[in-house]
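Written below as C-alpha coordinates is the structure these notes are about.
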Amino acid sequence: MHGLGNDYLYFDLREPIATAVDWAALSRQICDRHFGVGADGIILIGEMPGVDATMRIFNADGSESEMCGNGLRALAKWLYDRGLAGSKQVIATGAGNLEPEVVETQAGRATLIRVNMGHPSFDAANLGGSPLIEDLLIGEDYSLVCSAVSMGNPHLVVFGPLWDDDRLYRLGPVLERHPRFPDRINVHTVEITGKNQLAMRHWERGAGPTLACGTGVAGATALAVRLDRVTSPVTVEVPGGQIMAEWNGPGTPVYLTGPAEEVFEGFFPWP
Ligand SMILES: N[C@H](CCC[C@H](N)C(=O)O)C(=O)O
(Lines of atoms letter the chains of each structure in order from A and count residues from 1; the text may use other names and numbers.)
(Lines give C-alpha, C1' and ligand atoms only; values in the text may rest on other atoms or scores of the structure.)
Protein backbone atom coordinates (compact mmCIF):
# COMPACT_ATOMS: atom_id res chain seq x y z
CA MET A 1 0.00 0.00 0.00
CA HIS A 2 1.06 3.65 -0.34
CA GLY A 3 0.13 7.10 0.85
CA LEU A 4 0.91 9.68 -1.85
CA GLY A 5 3.48 7.32 -3.37
CA ASN A 6 5.27 6.62 -0.06
CA ASP A 7 5.08 2.87 -0.46
CA TYR A 8 5.48 0.06 2.04
CA LEU A 9 5.04 -3.69 1.98
CA TYR A 10 2.71 -4.68 4.86
CA PHE A 11 3.00 -8.03 6.65
CA ASP A 12 -0.14 -9.30 8.42
CA LEU A 13 1.48 -10.87 11.50
CA ARG A 14 -1.74 -11.40 13.38
CA GLU A 15 -0.94 -15.13 13.02
CA PRO A 16 1.89 -16.70 15.09
CA ILE A 17 4.98 -17.19 12.95
CA ALA A 18 7.07 -20.34 13.40
CA THR A 19 10.44 -18.79 12.67
CA ALA A 20 12.05 -15.68 14.06
CA VAL A 21 12.60 -13.35 11.14
CA ASP A 22 15.37 -10.76 10.93
CA TRP A 23 13.07 -7.95 9.86
CA ALA A 24 15.88 -5.50 9.26
CA ALA A 25 17.56 -7.85 6.78
CA LEU A 26 14.24 -8.75 5.18
CA SER A 27 13.44 -5.06 4.75
CA ARG A 28 16.76 -4.42 3.02
CA GLN A 29 16.19 -7.43 0.71
CA ILE A 30 12.56 -6.58 -0.14
CA CYS A 31 13.03 -2.83 -0.57
CA ASP A 32 15.88 -3.14 -3.07
CA ARG A 33 14.34 -1.58 -6.18
CA HIS A 34 16.37 -3.83 -8.52
CA PHE A 35 16.81 -7.14 -6.72
CA GLY A 36 13.67 -6.97 -4.58
CA VAL A 37 10.05 -5.89 -4.78
CA GLY A 38 11.07 -2.27 -4.17
CA ALA A 39 9.53 -0.09 -1.42
CA ASP A 40 10.38 2.71 1.02
CA GLY A 41 10.19 0.13 3.82
CA ILE A 42 8.12 -2.63 5.39
CA ILE A 43 5.36 -2.35 7.99
CA LEU A 44 4.44 -5.17 10.37
CA ILE A 45 0.79 -5.44 11.41
CA GLY A 46 0.49 -7.00 14.85
CA GLU A 47 -2.18 -7.43 17.47
CA MET A 48 -2.49 -6.46 21.11
CA PRO A 49 -5.46 -6.45 23.50
CA GLY A 50 -7.37 -3.17 23.54
CA VAL A 51 -6.29 -1.87 20.12
CA ASP A 52 -7.31 -2.68 16.53
CA ALA A 53 -3.69 -3.35 15.50
CA THR A 54 -0.09 -2.58 16.30
CA MET A 55 2.29 -1.15 13.71
CA ARG A 56 6.10 -1.45 13.44
CA ILE A 57 7.97 0.21 10.58
CA PHE A 58 11.38 -0.67 9.14
CA ASN A 59 12.99 1.68 6.61
CA ALA A 60 14.50 0.43 3.35
CA ASP A 61 17.94 0.32 5.01
CA GLY A 62 16.63 -1.96 7.77
CA SER A 63 16.55 0.73 10.48
CA GLU A 64 13.38 0.82 12.58
CA SER A 65 11.45 4.07 13.06
CA GLU A 66 9.09 5.18 15.80
CA MET A 67 6.34 6.33 13.46
CA CYS A 68 5.07 6.61 9.87
CA GLY A 69 2.21 8.95 8.99
CA ASN A 70 1.52 7.62 5.49
CA GLY A 71 1.82 4.06 6.78
CA LEU A 72 -0.70 4.75 9.54
CA ARG A 73 -3.32 6.00 7.05
CA ALA A 74 -2.78 2.94 4.84
CA LEU A 75 -3.09 0.57 7.81
CA ALA A 76 -6.31 2.32 8.88
CA LYS A 77 -7.60 1.72 5.34
CA TRP A 78 -6.50 -1.94 5.43
CA LEU A 79 -8.40 -2.53 8.69
CA TYR A 80 -11.50 -0.63 7.55
CA ASP A 81 -11.69 -2.35 4.13
CA ARG A 82 -11.52 -5.78 5.77
CA GLY A 83 -14.10 -4.99 8.42
CA LEU A 84 -11.43 -5.41 11.11
CA ALA A 85 -11.71 -1.93 12.58
CA GLY A 86 -13.84 -0.94 15.52
CA SER A 87 -16.06 2.14 15.11
CA LYS A 88 -13.22 4.17 16.66
CA GLN A 89 -9.91 2.80 15.36
CA VAL A 90 -6.92 2.66 17.70
CA ILE A 91 -3.51 1.65 16.35
CA ALA A 92 -0.53 1.23 18.68
CA THR A 93 2.65 2.74 17.22
CA GLY A 94 6.13 3.56 18.50
CA ALA A 95 4.80 7.08 19.07
CA GLY A 96 1.84 5.93 21.18
CA ASN A 97 -1.77 4.88 20.47
CA LEU A 98 -3.16 6.90 17.57
CA GLU A 99 -6.75 7.11 16.35
CA PRO A 100 -7.15 7.30 12.56
CA GLU A 101 -10.62 8.13 11.22
CA VAL A 102 -11.91 7.13 7.77
CA VAL A 103 -13.54 10.29 6.41
CA GLU A 104 -14.32 9.25 2.82
CA THR A 105 -15.08 5.90 1.18
CA GLN A 106 -15.81 4.61 -2.33
CA ALA A 107 -17.70 1.34 -2.86
CA GLY A 108 -17.19 0.48 0.82
CA ARG A 109 -13.42 1.08 0.76
CA ALA A 110 -11.60 3.84 2.60
CA THR A 111 -10.14 6.52 0.33
CA LEU A 112 -9.44 9.47 2.67
CA ILE A 113 -8.24 9.12 6.27
CA ARG A 114 -7.78 11.78 8.98
CA VAL A 115 -5.18 10.98 11.63
CA ASN A 116 -4.38 12.60 14.95
CA MET A 117 -0.57 12.48 14.65
CA GLY A 118 0.09 13.38 18.26
CA HIS A 119 1.82 16.48 19.63
CA PRO A 120 4.87 17.99 17.94
CA SER A 121 7.92 18.35 20.15
CA PHE A 122 10.39 21.17 19.59
CA ASP A 123 12.33 19.83 22.55
CA ALA A 124 15.93 20.28 21.62
CA ALA A 125 17.06 17.35 23.76
CA ASN A 126 15.05 14.96 21.65
CA LEU A 127 16.84 16.17 18.55
CA GLY A 128 20.49 16.06 19.44
CA GLY A 129 20.34 19.43 21.18
CA SER A 130 19.07 21.31 18.19
CA PRO A 131 16.98 24.38 19.17
CA LEU A 132 14.05 25.62 17.14
CA ILE A 133 16.21 27.49 14.65
CA GLU A 134 19.91 27.05 14.31
CA ASP A 135 22.74 27.93 12.00
CA LEU A 136 23.94 24.35 11.48
CA LEU A 137 27.60 24.09 10.50
CA ILE A 138 28.14 21.62 7.64
CA GLY A 139 31.78 20.71 6.99
CA GLU A 140 34.41 23.45 7.37
CA ASP A 141 32.95 26.52 5.81
CA TYR A 142 29.27 26.07 5.13
CA SER A 143 26.25 26.51 7.40
CA LEU A 144 22.51 26.21 6.89
CA VAL A 145 19.67 27.74 8.92
CA CYS A 146 17.58 24.75 10.01
CA SER A 147 14.66 24.01 12.31
CA ALA A 148 14.03 20.71 14.08
CA VAL A 149 10.88 19.02 15.31
CA SER A 150 9.89 15.54 16.53
CA MET A 151 6.66 13.69 15.72
CA GLY A 152 7.92 10.68 17.61
CA ASN A 153 10.58 10.52 14.89
CA PRO A 154 13.06 13.36 14.23
CA HIS A 155 12.77 15.90 11.39
CA LEU A 156 15.05 18.67 10.15
CA VAL A 157 13.38 21.43 8.14
CA VAL A 158 15.11 23.96 5.89
CA PHE A 159 12.74 26.77 4.94
CA GLY A 160 13.38 28.55 1.65
CA PRO A 161 13.06 27.94 -2.11
CA LEU A 162 12.46 24.22 -2.76
CA TRP A 163 15.71 22.38 -3.43
CA ASP A 164 16.31 20.92 -6.89
CA ASP A 165 17.50 17.33 -7.31
CA ASP A 166 21.18 18.29 -7.13
CA ARG A 167 20.77 20.07 -3.78
CA LEU A 168 18.45 17.40 -2.34
CA TYR A 169 20.75 14.51 -3.29
CA ARG A 170 23.83 16.41 -2.10
CA LEU A 171 22.59 17.89 1.19
CA GLY A 172 20.04 15.19 2.11
CA PRO A 173 22.48 12.43 3.07
CA VAL A 174 24.91 14.88 4.74
CA LEU A 175 22.17 16.30 6.96
CA GLU A 176 20.60 12.87 7.58
CA ARG A 177 23.86 11.74 9.15
CA HIS A 178 24.96 15.05 10.68
CA PRO A 179 26.81 14.34 13.99
CA ARG A 180 24.37 16.71 15.69
CA PHE A 181 21.67 14.03 15.36
CA PRO A 182 22.82 10.83 17.04
CA ASP A 183 19.83 8.85 15.74
CA ARG A 184 20.11 10.39 12.27
CA ILE A 185 17.21 12.56 11.06
CA ASN A 186 14.63 12.96 8.27
CA VAL A 187 15.39 16.02 6.11
CA HIS A 188 12.85 18.31 4.40
CA THR A 189 13.15 21.34 2.15
CA VAL A 190 10.03 23.49 2.71
CA GLU A 191 8.84 26.49 0.68
CA ILE A 192 6.08 28.77 1.98
CA THR A 193 3.84 29.13 -1.08
CA GLY A 194 0.90 30.91 0.58
CA LYS A 195 -0.72 31.87 3.92
CA ASN A 196 -2.14 28.33 4.10
CA GLN A 197 0.19 26.56 1.71
CA LEU A 198 3.52 24.75 1.81
CA ALA A 199 5.53 22.82 -0.78
CA MET A 200 7.96 20.12 0.41
CA ARG A 201 10.52 17.60 -0.78
CA HIS A 202 11.95 14.86 1.44
CA TRP A 203 15.16 13.00 2.11
CA GLU A 204 14.03 10.37 4.61
CA ARG A 205 16.18 8.74 7.27
CA GLY A 206 16.82 5.18 6.15
CA ALA A 207 15.04 5.56 2.82
CA GLY A 208 16.48 8.61 0.99
CA PRO A 209 14.24 10.55 -1.44
CA THR A 210 10.55 9.67 -1.02
CA LEU A 211 7.42 11.05 -2.69
CA ALA A 212 5.80 11.89 0.64
CA CYS A 213 6.58 11.82 4.36
CA GLY A 214 3.53 12.10 6.62
CA THR A 215 5.36 12.77 9.88
CA GLY A 216 7.56 15.24 7.98
CA VAL A 217 4.50 17.12 6.70
CA ALA A 218 3.05 17.17 10.22
CA GLY A 219 6.28 18.40 11.80
CA ALA A 220 7.03 21.01 9.13
CA THR A 221 3.48 22.37 9.40
CA ALA A 222 3.77 22.68 13.19
CA LEU A 223 7.11 24.48 12.78
CA ALA A 224 5.74 26.86 10.13
CA VAL A 225 2.70 27.66 12.31
CA ARG A 226 4.92 28.05 15.40
CA LEU A 227 7.20 30.43 13.46
CA ASP A 228 4.11 32.34 12.28
CA ARG A 229 4.84 31.64 8.62
CA VAL A 230 1.51 30.00 7.80
CA THR A 231 -1.98 29.74 9.30
CA SER A 232 -3.64 26.37 9.90
CA PRO A 233 -5.18 24.47 8.09
CA VAL A 234 -2.35 24.11 5.60
CA THR A 235 -2.45 22.43 2.19
CA VAL A 236 0.91 20.77 1.60
CA GLU A 237 2.16 19.91 -1.89
CA VAL A 238 4.59 16.97 -1.87
CA PRO A 239 6.04 15.19 -4.94
CA GLY A 240 3.41 12.44 -4.60
CA GLY A 241 0.40 14.79 -4.36
CA GLN A 242 -1.46 16.93 -1.84
CA ILE A 243 -2.23 16.45 1.85
CA MET A 244 -3.92 18.67 4.47
CA ALA A 245 -2.32 19.39 7.84
CA GLU A 246 -3.85 21.18 10.84
CA TRP A 247 -2.21 22.42 14.02
CA ASN A 248 -3.81 24.89 16.44
CA GLY A 249 -0.74 25.59 18.54
CA PRO A 250 1.01 24.25 21.63
CA GLY A 251 -0.96 21.72 23.64
CA THR A 252 -2.85 20.46 20.59
CA PRO A 253 -2.07 17.55 18.23
CA VAL A 254 -1.32 17.80 14.52
CA TYR A 255 -4.01 16.32 12.25
CA LEU A 256 -3.25 14.98 8.76
CA THR A 257 -5.97 14.24 6.20
CA GLY A 258 -4.82 12.35 3.13
CA PRO A 259 -5.37 9.40 0.77
CA ALA A 260 -4.18 5.80 1.02
CA GLU A 261 -4.24 3.14 -1.69
CA GLU A 262 -3.86 -0.64 -1.77
CA VAL A 263 -1.93 -1.82 -4.83
CA PHE A 264 -1.82 -5.62 -4.41
CA GLU A 265 -2.10 -8.46 -1.89
CA GLY A 266 -0.04 -11.61 -1.91
CA PHE A 267 1.49 -14.35 0.23
CA PHE A 268 5.13 -14.27 1.22
CA PRO A 269 7.03 -17.59 1.50
CA TRP A 270 8.58 -17.34 4.96
CA PRO A 271 12.39 -17.53 4.83
N1 LIG B 1 12.02 7.44 7.49
C2 LIG B 1 11.23 7.71 8.71
C3 LIG B 1 10.09 6.68 8.86
C4 LIG B 1 9.01 6.82 7.79
C5 LIG B 1 8.23 8.10 7.96
C6 LIG B 1 7.44 8.58 6.75
N7 LIG B 1 7.47 7.77 5.58
C8 LIG B 1 6.02 9.01 7.11
O9 LIG B 1 5.10 8.86 6.30
O10 LIG B 1 5.87 9.56 8.23
C11 LIG B 1 12.15 7.64 9.94
O12 LIG B 1 13.16 6.93 9.89
O13 LIG B 1 11.81 8.30 10.93
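Just so you know, glycine gets a Cβ as well, placed from its N, Cα and C.
Where the annotation comes from TrEMBL, it is an automatic prediction and has not been curated.
TrEMBL annotations:
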ACT_SITE  C68  active site
ACT_SITE  C68  active site, proton donor
ACT_SITE  C213  active site, proton acceptor
BINDING   N6, N59, G69, N70, N153, N186, E204, R205, G214, T215  substrate binding site
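Positions of the features from TrEMBL, shown on the structure.
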residue: N6; record: substrate binding site; Cβ neighbours (10 Å): 29
residue: C68; record: active site; Cβ neighbours (10 Å): 31
residue: G69; record: substrate binding site; Cβ neighbours (10 Å): 32
residue: N153; record: substrate binding site; Cβ neighbours (10 Å): 24
residue: E204; record: substrate binding site; Cβ neighbours (10 Å): 29
residue: C213; record: active site, proton acceptor; Cβ neighbours (10 Å): 32
residue: G214; record: substrate binding site; Cβ neighbours (10 Å): 27
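Across the fold, the C-alpha of C213 (active site, proton acceptor) and the C-alpha of N6 (substrate binding site) stand 7 Å from each other. Same-chain residues with CB within 8 A of the center of the N6, N59, G69, N70, N153, N186, E204, R205, G214, T215 CB atoms, the substrate site residues themselves not counted, are S65, M67, C68, G71, H202, A207, T210, C213, G216. Secondary structure at N153 (substrate binding site), taken from DSSP and collapsed to helix, strand or coil, is coil. On a Cα basis, G214 (substrate binding site) lies 7 Å away from the residue listed as 'active site'.
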